[in-house]
Amino acid sequence: MNFLLAGIGASIGAMLRYAITNYGKKHWEWIGNKFSNLPTPTLFINLTGAFILGFIFGIKTNVFIYAIVGTGVLGGYTTFSTMNTELVELYKSKNYRGFIFYALSSYLGGLILVFVGYYLAILF
């Protein structure tokens, strides 16, 4: 049952990521250009996913919610491989400032937001 829930959740997460990525490419390009050509949609997706995952862990819900939201939706929503591919592209284009900023904001920002989500959930 959890296997099926995770699969359904992953489909939902992937569709959300697709929609947000396309929306972000049209409407958030100015943000990325202002900050060394950062891939803003991927950064937004991964940081919000980290926050939500921390929150889900913090509310101590049942295993079905973990399967559908934590593993499924957020597994399909967030993207580690795209982020790293974008980091390589920033490096190859000699955009070292963008590379460092994107790496730090993705890895460190994601870790911080997991903790923020977790501790906010504990308050509720």
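First residue shown is number 1, and so on along the chain.
Each residue, glycine too, has its Cβ placed from N, Cα and C.
According to Swiss-Prot, the Na(+) binding site annotation covers GLY75, THR78, on the basis of sequence analysis. Among the features that Swiss-Prot reports, transmembrane segment is placed at 1-21, 36-58, 63-85, 104-124.
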If you draw a 10 Å sphere on the Cβ of THR78 (Na(+) binding site), how many other Cβ atoms land inside?
21
Do any residues, 6 or more residues outside the transmembrane segment (63-85), come within under 8 Å Cβ-to-Cβ of it, and if so which ones?
1-2, 5-17, 39, 42-43, 45-46, 49-50, 52-53, 56-57, 102, 106
Go through the chain and flag residues at least 6 beyond the ends of the transmembrane segment (1-21) whose CB is under 8 A from any CB in it; none is fine as an answer.
41-42, 44-45, 63-64, 67-69, 71-79
Tertiary neighbours of GLY75 (Na(+) binding site) (same chain, Cβ under 8 Å, six or more apart):
ALA6, GLY9, ALA10, GLY13
Secondary structure at GLY75 (Na(+) binding site), reduced by DSSP to three states:
helix
